[in-house]
Every structure is written in structure tokens, then in C-alpha cells.
Amino acid sequence: MRQITVIEHLLLHQKENPLATGNFTRLLTELILAAKIISRAVNKAGLMDVLGETGEINVQGEQVQKLDEFANRVIIHRLQRSGVLCAMASEENADIIEIPEKYSKGKYFLVFDPLDGSSNIDANVSIGTIFSIYKQEKDTDYPTLGELLQKGSQQVAAGYFLYGSSTMLVYSTGQGVHGFTLDPSVGEFLLSHPNIMIPKKGKIYSVNEGYFPFWDDKTKQVIASFKDVSAGKSTYSLRYIGSLVADFHRTLLYGGIFMYPKDCRDPKKPRGKLRLLYEANPMAFLVEQAGGMAVDGEQRILDILPEELHQRVPLFIGSATEVKKVLDIYKS
Ligand SMILES: O=P(O)(O)OC[C@H]1O[C@](O)(COP(=O)(O)O)[C@@H](O)[C@@H]1O
Ligand SMILES: [Mg+2]
Ligand SMILES: [Mg+2]
């Protein structure tokens with residue numbers, strides 16, 4: 001089989017794609033380089049000083065791991081010099097990240113979760129980097145937060161790097177979902193999974209069932225429906241890694257559903273844990289491109305207009321059959 005790189009694939013196989021321009025390919029090239037640097041650190045984590053916590057608490061109120069901070073620094077460092085971004089937003093930074101005056105600017109917003117699945121880092125379990133790209137609509141040098149807070153349906157591209165038993169890039173520019181595997185011997189991501197489509201129905205449900213006592217009655221009904229084996233009902237297996245990027249990747253390839261519902265423990269946090277901008281929107285963009293669905297229980301994730309940078313949202317994502325089942329139960 002001919003070996004096809006990410007940029008080659010974008011230019012050759014998506015010719016009619018308006019994103020096949022110098023600026024977008026530059027952005028993708030820098031992102032890929034940042035991911036290779038992060039992947040190298042992940043692979044050598046036990047040999048480098050990147051395991052454990054930094055001792056700091058981030059804007060999400062969570063412990064910052066050394067690898068979270070490293071990945072965040074690598075992405076900001078590389079991408080602010082790319083000349084094609086007008087601003088960035090990271091799960092680890094409280095505010096929008098402006099491009100310093102000394103670098104030239106462009107028209108894209110990059111929104112990212114530098115290291116997803118932080119609690120799994122020290123156990124050598126799959127983790128990843130999630131990204132989402134939007135266009136700046138107005139022609140100003142200083143984009144406002146309001147300009148960045150676009151609906152997920154306005155993403156021009158989204159994807160993730162998965163640092164698993166192999167390192168992969170899975171992404172979409174709105175023309176299908178394509179997967180590339182890093183060949184460490186040549187240092188390139190090469191096409192391995194063209195045109196990924198999620199099965200219409202799956203056999204796996206994925207959720208942290210330890211939180212069962214903290215769910216409302218409807219949510220309990222939703223999860224119970226995947227355990228219901230009465231006459232004629234399908235049986236499901238339960239799989240939960242605790243890294244969205246890895247749980248989503250399995251769901252995309254095998255089908256089924258991943259869920260992170262709202263939690264009633266804290267009435268001030270009725271929206272679950274996952275972040276709309278950094279986690280739910282990019283995965284929702286990918287799953288729809290692959291023929292699946294993503295909802296918050298009532299509405300399509302990509303239709304939600306964000307009110308703030310670090311907004312959280314309940315997430316039900318996967319094969320159409322299972323996601324529709326969730327919608328039906330919440331509606332009933
Ligand atoms: O431990 P919990 O509550 O099940 O949460 C797991 C979820 O939290 C996350 O780790 C949150 O992401 P970060 O690691 O980027 O903060 C997701 O990857 C995962 O789906
Ligand atoms: Mg995350
Ligand atoms: Mg993270």
C-alpha cells in the first residue's frame with residue numbers, strides 16, 4: 001500500500017476542500033509536530049521527569065499533572081509562532097490565549113485539551129490531545145471572547161491524537177473522518193483508517209457507574225436500559241477507561257455509546273464534568289461525520305451556543321441506535 005501522509009491526504013484526496021490552503025496545512029503541520037513531541041514524552045515518561053503532579057490546581061479546580069503542563073506549553077509555544085492563528089483557548093488556561101505582538105496573526109482559532117485522561121498518566125493507560133478549529137468571522141486584529149464562543153456546528157476541523165499502544169491522529173475537516181498512525185521509524189503519521197464510519201448499533205456502553213447514586217431518575221433509567229436483558233433486548237458489555245479520547249476511539253470503531261451524565265451531588269454543577277469546547281464539541285463533530293450522534297440528553301451538542309470558555313455539558317455520544325434510545329428516555 002502507498003504510504004500517505006496527513007498533508008498529502010488533505011491535498012490529494014480532499015481537493016475540493018476549501019481548507020486545503022497554505023494556512024490550514026501550516027496549522028495542521030505545527031499541531032502534528034507538537035503531538036509528536038508530546039508523544040515522545042509520553043512514551044519515555046518513566047525515564048523523564050514528567051510523571052506526577054505539579055502541585056498546582058488549574059482553572060477547572062483539578063490537580064495539574066506535569067504532563068498536562070508540558071503538553072500545554074508545547075502546543076502554545078509551537079502554535080503561537082505559526083502565523084495562522086488569531087487566538088487560542090486551552091482547558092488549562094483561565095482566559096483566551098492571545099498571540100503575542102511579535103508574531104504575525106492569522107484567521108483561525110485553536111481550542112484544545114492538551115492532555116486528556118490525566119488521571120491515567122502515571123498508570124501508562126491511553127491518553128490523548130483533543131483539538132478543535134474555528135474561523136474568525138470578523139476582520140480584527142484583536143478577537144474577542146465572544147467571537148471564539150461559536151456553536152460546535154461552526155467548527156471547520158476537529159480531531160484528536162491518541163497516545164495508546166500506537167500513536168494515532170483521527171481528524172475531520174468536514175469531509176469524513178480519517179485515521180493516521182504514527183510510524184516512529186519514519187516519524188510520520190501515515191493513513192491507516194480512511195473514511196471511518198461508526199456502526200449504526202453497538203454492543204458496548206461506557207459510563208462511570210460509580211456515580212450511579214448521584215444521577216437523577218431519568219439518567220438512572222437510561223443506564224438501566226443498557227442492562228435490560230428482558231425478552232428480545234440486546235445484551236451490552238460495559239467498558240470504561242476514564243480517558244475520553246480512548247473511550248471515544250473505541251466507540252467510534254466498535255460502535256455503542258459513551259456517556260458522562262450530569263451529577264446531582266452539587267446543584268451548582270448540574271452539567272456533568274466534560275467541557276463543551278475542549279471535549280464534547282470536537283468529538284461531536286467527528287461522530288456526526290462518521291454517521292453517529294452526540295446529544296446532551298435533550299439537544300444536539302453541536303447546536304449549543306457556549307456562554308463561557310470552560311462550560312461543562314452532559315454528553316451521550318456514539319451509534320445512532322443507542323443515542324436515540326437515550327433521547328427517547330429523557331423525552332418520555
Ligand atoms: O474519573 P471520571 O469522573 O470518570 O472522569 C473521566 C473523564 O475525565 C477526563 O479525564 C477529563 O479530562 P482531563 O483529563 O482532560 O481533565 C476525561 O478524559 C474522562 O472521560
Ligand atoms: Mg479532557
Ligand atoms: Mg486535560
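Every residue, even glycine, has its Cβ placed from backbone N, Cα and C.
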Candidate sharing the substrate site with Asp116, Gly117, Ser118, Ser119, Asn208, Tyr240 (per TrEMBL), from Lys36, Lys44, Lys151, Lys273: Lys273
Residue from Glu8, Glu209, Glu279 that TrEMBL also lists as binding Mg(2+) 2 with Asp113, Asp116: Glu279
Co-listed Mg(2+) 1-binding residue [TrEMBL; alongside Asp113, Leu115] among Glu91, Glu92, Glu137: Glu91
For Ser118 (substrate binding site): DSSP state (helix, strand, coil): helix
Structural state census, the domain 'Fructose-1-6-bisphosphatase class 1 C-terminal' (198-330) (DSSP three-state): 54 helix, 19 strand, 60 coil
Listed binding-site residues with Cβ under 6 Å from ligand 3, out of Gly117, Asn208, Tyr240, Lys273, Glu279: none
Binding-site residues close to ligand 2 - of Asp113, Leu115, Asp116, Asn208, Glu279, only those whose C-beta is under 6 Å away: Asp113, Asp116, Glu279
